[in-house]
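One structure is given here, and the rest of the page talks about it.
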Amino acid sequence: MKDKLAISLPGLDLKNPIMPASGCFSFGKEFSKLYNLSDLGAIMIKAATEHERLGNKTPRVAETQSGMLNAIGLQNPGVDSIILNELEYLKDYDVPIIANVAGTAVEDYVAVTKKISASPVVKAIELNISCPNVKSGGLQFGTDPKSAETLTKAVKAVSEKPVYVKLSPNVTNIVDIANSVADYADGITMINTLIGMRLDQFGKPILANKTGGLSGPAIKPVALNMLYQVRQALPNMPIIGMGGIQSVDDVLDFLSVGADAVAIGTMNFTNPMICKELIEQLEDRVADMGLSHIHDIKGRAHL
Amino acid sequence: MLELSTVLSNRELAHNIYELTIKVDLSKYQLKPGQFVHIRVSPSTEHVLRRPISIASIDTDHSTLTLVYRVGNGQSGTYKLSTLSKGNSLDILMPLGNGYNLDHLKDEKHILLVGGGIGVPPLYELSKQLNDKGLKTTHVLGFNSKEDVFYEDNFKKLGDTYIATADGTYGESGFVTDVIENLKEDFDKFYACGPIAMLKVLENTLTIPGELSLEERMGCGFGVCYACVCQTKSRGQVKICTEGPVFEKGEVVL
């Protein structure tokens with residue numbers, strides 16, 4: 001039964017295709033009190049930057065209809081502290097760690113990748129070229145094909161582990177960006193959040209950053225369409241899909257448009273048990289549907 | 001930490017202020033006043049974020065919690081919460097936050113409790129526990145207007161209670177600090193919960209030791225999302241949901 005959910009991707013032997021998305025799971029400690037982290041397909045840990053970042057001013061989150069805006073601003077203790085404290089803790093679990101790497105310049109990404117990809121706990125790098133909440137860096141790499149290509153190439157050259165590039169939906173044509181990184185990326189993760197705004201009763205932005213990244217069920221149709229397009233353009237590229245997944249039906253939708261595996265973000269806040277529950281429900285669903293493997297339905301939207 | 005509770009009652013106390021009583025298994029928890037629960041207002045995902053609501057009253061004998069919350073507009077999650085009635089189930093994360101510290105009270109005799117608006121509820125359980133310990137409590141509660149006032153009788157049973165309204169329609173006219181200035185008694189310690197502006201003034205005017213409870217927009221409520229941070233003087237930036245919401249007077253850069 002378990003084998004029906006197992007998936008092999010560059011650097012990643014996943015017991016199942018379900019993993020928490022970066023930024024919605026911190027480094028796992030808090031969730032380890034709720035369930036065994038080894039049950040997860042993988043864990044995408046919170047973004048690491050070269051130096052500690054304190055993030056944006058508060059308020060940093062605001063709920064929207066079937067979604068939420070966040071502008072945390074990549075708060076993290078810096079790559080050295082993450083390796084020393086967080087990865088050390090995670091090594092006791094039998095689960096592949098995908099390390100999200102962020103920065104403001106190519107050199108930052110390269111420096112962080114060199115360090116964190118050397119950790120035996122880390123099985124893959126997720127290159128964050130799509131964070132909308134920092135003043136410089138991040139998103140500018142994700143919205144310009146040339147910059148995205150240059151960065152991916154530079155990071156790939158120093159990484160000891162496969163590199164997955166996290167794409168931003170805040171572009172005119174996501175296929176252009178996907179194509180631009182395709183020669184160097186081992187895989188793609190998509191989508192990051194959509195830039196949005198919410199006002200208070202006085203007509204002022206609620207978030208101190210004014211804008212934030214929209215996530216949650218509200219963005220699922222956007223994610224599905226973009227993933228469908230990228231899958232069509234890159235039939236063999238490993239893709240981990242994300243964007244508003246809240247149920248097994250949603251997981252099947254993402255696989256149907258061509259995702260190899262999926263990540264769960266915002267719903268970890270709504271229901272901290274969501275990843276664990278989805279894995280169990282997916283096992284049942286595969287049995288109910290009489291599939292020999294979950295990937296039997298992969299890409300069926302294209303047929 | 002995740003509990004499925006049952007609604008026992010849910011009623012309007014004052015203008016847009018509701019009191020919710022839930023039955024939940026409290027046997028495995030040691031709850032403290034000032035802690036909060038994180039409520040999923042509906043099983044649907046129209047509202048993806050839980051609502052952090054402080055505990056107003058704990059009844060371990062009957063395994064019930066009372067929560068007092070302010071209701072927003074018709075699209076809000078708290079409005080959804082206000083539509084629940086007896087028998088409905090409610091998914092909560094609990095207990096969250098550190099709560100007020102009562103363990104280190106020694107020679108204190110008279111405690112001043114100061115609440116502003118929706119910051120008033122956690123002071124009720126706190127006052128009950130202080131009175132149980134044999135301490136004298138005086139309460140100063142601030143509201144915008146007469147229609148916003150709640151729990152006055154509850155607090156009066158526990159000690160002297162003064163109400164201030166900003167528009168002067170009930171009690172003393174003005175802010176809690178105006179009332180406190182005119183109090184003749186001496187206090188050994190204060191506990192406060194309310195808007196930052198109120199906490200700031202209290203910190204600057206009261207010379208006695210105190211503890212403040214902060215409010216901030218939260219995401220996860222248990223330390224994962226880094227949404228509700230504040231700057232402290234000795235520990236750098238910390239998360240309010242796990243390191244707070246209660247801090248020693250002077251600890252947080254307000």
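The backbone N, Cα and C atoms fix where each Cβ goes, and this holds for glycine too.
Please treat TrEMBL annotations as automatic predictions, because they have not gone through curation.
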Additional site residue, A:N128, A:N268, A:N271 [criterion: listed by TrEMBL with A:K46, A:N70, A:A71, A:I72, A:G73, A:L74, A:N192, A:T193 for substrate]: A:N128
From A:G216, A:G299, the one annotated by TrEMBL with A:S22, A:K46, A:A47, A:N100, A:N128, A:K166, A:I191, A:G243, A:G244, A:G265, A:T266 for FMN: A:G216
Short-range binding-site residues relative to chain B, from A:A47, A:G73, A:N128, A:T193, A:G243, A:G265, with Cβ separation under 8 Å: none
Fewest Cβ neighbours within 10 Å, where candidates are the binding-site residues A:G73, A:G243, A:G265: A:G73
Residue among recorded positions A:S22, A:A47, A:N128, A:C131, A:I191 with Cα closest to the Cα of A:A71 (substrate binding site): A:C131
Binding-site residues near A:C131 (active site, nucleophile) (Cα-Cα within 10 Å), from A:S22, A:K46, A:G243, A:G265: none
Mean per-residue pLDDT computed across the domain 'Dihydroorotate dehydrogenase catalytic' (A:5-285): 96
A:G73 (substrate binding site) versus binding-site residues A:S22, A:A47, A:I191 - nearest by Cα: A:A47
